[in-house]
Every structure is written in structure tokens, then in C-alpha cells.
């Protein structure tokens with residue numbers, strides 16, 4: 001390693017985030033930041049990529065990267081195999097956290113809350129607009145289970161293709177969406193000297209409380 005990890009750092013130079021810029025609820029600010037990220041971030045960064053953290057039945061945390069596929073006044077939506085590891089975690093502990101990081105904008109958003117399944121109709125609507133290969137893959141892959149090499153997965157895909165030779169695949173019952181209902185949303189804006197801006201929204205009854213956190 002040519003550079004010590006202790007010496008690896010970058011300076012943050014963009015404008016800060018003030019309470020005057022923060023609306024009464026976090027969704028409007030997320031929409032604004034997300035729109036700016038879509039315009040600004042370039043490959044390999046995907047603006048809707050996020051880290052999803054879940055906790056299993058033994059209290060052990062697990063993280064992975066996946067894509068945000070829906071956002072409305074209720075919450076943040078993603079889709080997956082309900083029988084996957086994350087699906088099993090959410091069945092045992094229906095709380096999760098998301099983190100978005102947009103390096104060009106020097107911004108991060110952390111979201112925490114309860115997770116619920118979306119309706120079968122909503123899952124099917126999204127499933128039908130996915131590429132054919134992805135729709136077949138949702139049937140073929142026993143997600144998170146141990147398999148005997150890549151060949152087994154390719155054999156499963158071939159069998160699935162044959163199954164749906166004469167018909168379009170429909171949404172499997174074991175596949176669909178989850179919606180995270182936010183209880184806490186923190187907006188982080190990088191600032192000089194590591195004195196970052198952190199504005200935190202938290203639910204209190206039917207209202208959102210806005211607070212500034214020390215960096």
C-alpha cells in the first residue's frame with residue numbers, strides 16, 4: 001500500500017446546510033437533494049444506490065447496496081426476494097436503516113424506520129416494467145441460499161426460460177417490495193475542517209422535529 005490509511009482524506013469545500021434551507025418535513029428536502037444528485041453524480045455512482053442495513057433474529061447487523069425504486073409521502077421503496085436474507089431479517093425485525101452517499105455533492109442522507117411490505121398490486125406493477133432477464137431471474141435465483149457453482153444458477157435460468165417459453169413471466173409470490181416508513185432522517189453536508197452540517201428530522205406524534213446535531 002503506497003499511502004497510509006491514516007493519511008487518506010479529502011477536503012470538503014461546498015456550501016453548508018442551514019435551518020433556513022430546511023422545510024417542515026424531510027421529504028421535500030430529500031426530493032431536492034436527490035434531483036441534484038441525479039444531475040450531478042456520474043458513473044459509476046448511481047444516485048438511487050443506497051446501503052440498506054437490517055438486523056437478524058440474533059441481533060447481528062447486515063448491510064448491502066441496493067437501489068431505491070420508489071418514493072412518496074409514505075416512505076422509501078425497494079424490491080427484493082422475500083425469502084432472501086434481508087427478507088428473513090425483516091420478518092424477524094421489521095426495522096431498517098438506509099444511507100445514501102453522493103460524493104460529488106459531498107452529501108449523505110441517513111434514514112431509519114419501520115419496514116412494511118407494499119401491496120401485491122404495487123409489486124406486480126414494478127415487476128412488469130423490469131427487463132425480461134430480471135423478471136426471469138426473480139424466478140430462477142434462490143437468493144441468499146448456497147448453490148453448487150455458477151453452473152447451477154445458469155441451469156435454473158434455462159429451466160425458467162423453458163417454463164415461460166409461451167407466456168410472459170408473472171410476479172412471483174416470493175418477490176416484491178418493501179417500504180421504509182421513516183421515523184428519523186438526517187441530512188449531512190460536508191464542511192471544512194470536518195465541522196460538517198447535520199440536520200436531523202425525527203417523528204414526534206404527527207409532527208417532524210428538526211434538530212441540528214454536532215458533527
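Cβ atoms are placed via backbone N, Cα and C, with glycine included.
Taken from Swiss-Prot, the feature substrate binding site applies to 9, 10, 11, 12, 69, 126, 130, 134, 194, 195, 196. Non-local contacts of residue 194 (substrate binding site) by the CB criterion (under 8 A, 6+ apart in sequence, same chain) comprise 215.
Taken from Swiss-Prot, the feature FMN binding site applies to 64, 65, 66, 67, 68, 69, 79, 80, 86, 108, 143, 144, 188, 198, supported by sequence analysis. DSSP classifies residue 188 (FMN binding site) as strand under the three-state reduction. Sequence-distant neighbours of residue 188 (FMN binding site) (same chain, 6+ residues apart, CB-CB distance under 8 A): 107, 108, 109, 110, 196, 197, 198.
Within the set of binding-site residues (9, 64, 69, 86, 130), the lowest number of other Cβ atoms found within 10 Å of a Cβ is recorded at 9. For the pair residue 9 (substrate binding site) and residue 66 (FMN binding site), the C-alpha distance works out to 26 angstrom.
It is 27 Å from the Cα atom of residue 11 (substrate binding site) to that of residue 64 (FMN binding site). Secondary structure at residue 196 (substrate binding site), taken from DSSP and collapsed to helix, strand or coil, is coil.
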